Structure formats: C-alpha cells, structure tokens
Amino acid sequence: MIDISANISGVHFDSCIMNASGPLDTTLEELTDIAMSRAGGIVMKSCTVEVREGNPEPRYVDVEWGSINSMGLPNLGYKYYNEITPKLKSYGKPLIASIAGAESQEYRKIVESFNSSNVDILEINLSCPNVVGRPQIGYDFEMSEEIMGVVGDVSDKPWGVKLPPYFDFVHFEEMASILNNSKISFIVSINSIGNALFIDWETEKVLIKPKGGFGGLGGKYIKPTALANVRKFAELLNKRIKIVGVGGVYSGIDAFEFILSGATLLQLGTSFAQEGPQIFERVSRELKEIMEKKGYASLEDFRGKLKVMD
Ligand code: RRO
C-alpha cells in the first residue's frame, strides 16, 4: 500500500492533497463539495470580521497557464464560518479556517472565536494582494511579527501563516528568523504572485476590473517560484515547522516535486477552480503511481531529498 498521509501538530490527513483557500470554498455548499471529494482536508475561504462583497467583477479570469484574480476577500464573515463547522466536521476530514484582517486586533477577535469551534487548524493569511489601499502584510516584517505574537498569545489551536512569495534570499532569511521565533506549526507557501497584469491585445483592455487590471497570478506560471519558496524555507526553518506547498500543482509530478522540495501537505487553487473536486482523486492517484514506480512507500521516503549538483 502506498501511503500519502501526512500530519501537522497531531492532526492526521489521509491524503496530503487538498484545496487552497480561495476558489470555490466560500459557501457551505461549495465546502460540502470539497468535503465529499477525495481532498485530504477542507480549507475555508479567508474570513474577516465583517461580511465582505469583495471587488467588482470581472475579478477572476482563467488564462493560458493559470489565472489572475482580484477577488478582494469576498466572504461571509467569521461568524458564518464558525457556525458551519459542525456540518463540515461531520465528513470526518481535518477542517482548516483561514483568517484575514487589517490589523492584529481583528486577527485576535477571529482567532478567539475559533478557539471554541471544532476547527482543527488555523491558517493566518498574511498575503492577500487584492484589498485596495492595503499592503500585503507578509512584506511588512514588523507587522507580520506583531500579528504572529498576538495569534500565539490567544490561539488554542495549531496555527500557521500563509505567506506571499519572496524573491530575495535576504528577505527569506529575515522572515525565517521571525517564523523560527514564533509559535507557528506550519507555513503555507505561496499565495498568488501579487499585482500581475494581463492584456487582451485585440480590445487593448485589461482582463479584470479592480485595481486597473492588476491582480494575483496563479497556476502554472507560479510553480517555479512556489518550489523555490518551499525549498528555501525548508532550508531555513526549524524542523518542527512544516511546509504546506501551493502554486501550480496540476499533476502527480507537480505534487512529487513539491514534496521533494520539502512540503508536507499540498494545496490546489487555480487547478481546483479549473477542474473541480475530482482533481483531488486524480492528483493523489498520479502521485501514488510515481511513488510506486520509484519504490517509495511513504512521503517520508523522499521529502526534502532534492538533489543538487556538486
Ligand atoms: O480574495 C482575494 O482577492 C485573494 C486572497 Br484573500 C488571497 O489571499 N489571495 C488571492 O490571490 N486573492
């Protein structure tokens, strides 16, 4: 039997492959589709203190090798995501709440609310690129540290942070040092690459309406950047901190490469939005086939064992 199970802070995932916070996970109906699929866990849309409608449409567009979005954090408010947890938990999978805010006290309020829910894990989103006038928190190291301090003080649940992509080794090192001194159990790496731009050359127009057409880039375009982030953080973080890889996972080969780079769990965003919930079964099957061919029985057999050249 090929084993693709994984564990974060004592929470067991039968499969290491699940959805990413973002597409098709805002309502109970959408989340139930994930619950009934072969996804190893259920991740909910990032929630805020107040209900948010998000940015004007069009705000998500599929493009040749991925997607661009400027959703603007549309969600039904943290109370809704607290209320639906019993229904979602009845499917027996780990349930992950994703939390977003403008400042640390908003994070505190939402984290406290989930302490008394039956959510298993909290994902603290420090990397939404699409709220007008608000920077990505993960690029502000001081603010990131402050929020992690507050969450660490109040959370009774295992928690981690969802990070934006980094591109410079100095930034990786600075963030890794903050993460190593925090109480996180994991990082989720990467969110979409912020502020990309697509143009329809025929109409001479941008593809999405918010922010003059700028939005987060997802899908195949971002896999090399995502792999680099997983790999670099695997080198720099204390071994107790697990890595959840996201960014351009469409196939078993992609999943294999992320685990080889050091990932423990994998999340599918754009690829899930494009293919629907059956993708979890397909990618899991393809990953198992690769492992069988290579003689690997579990993810530990090759996790982080990427070879470099002498
Ligand atoms: O809702 C969004 O616009 C959004 C969020 Br919160 C996020 O974290 N990443 C993204 O690409 N879009």
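Just so you know, glycine gets a Cβ as well, placed from its N, Cα and C.
The substrate site in TrEMBL is built from N69, S70, M71, G72, L73, N125, N191, S192 plus one of K45, K157, K220, K223, namely K45. Site annotation for FMN in TrEMBL covers S21, K45, S46, N125, K162, I190, G247, G248, G269, T270, and the matching candidate from G77, G92, G216, G219 is G219. Here the binding-site residues are G72, G219, G248, and the one with the most other Cβ atoms within 10 Å of its Cβ is G248. Put simply, C128 is the one of the recorded positions S21, C128, K162 whose Cα lies nearest to the Cα of G72 (substrate binding site). Considering only the binding-site residues S46, S70, N125, S192, T270, the Cβ with the fewest other Cβ atoms within 10 Å is that of N125.
Comparing CA positions across the recorded positions S70, N125, C128, S192, the one lying closest to S46 (FMN binding site) turns out to be N125. By a simple count of nearby Cβ atoms, those within 10 Å, the most crowded of the binding-site residues K45, K162 is K162.
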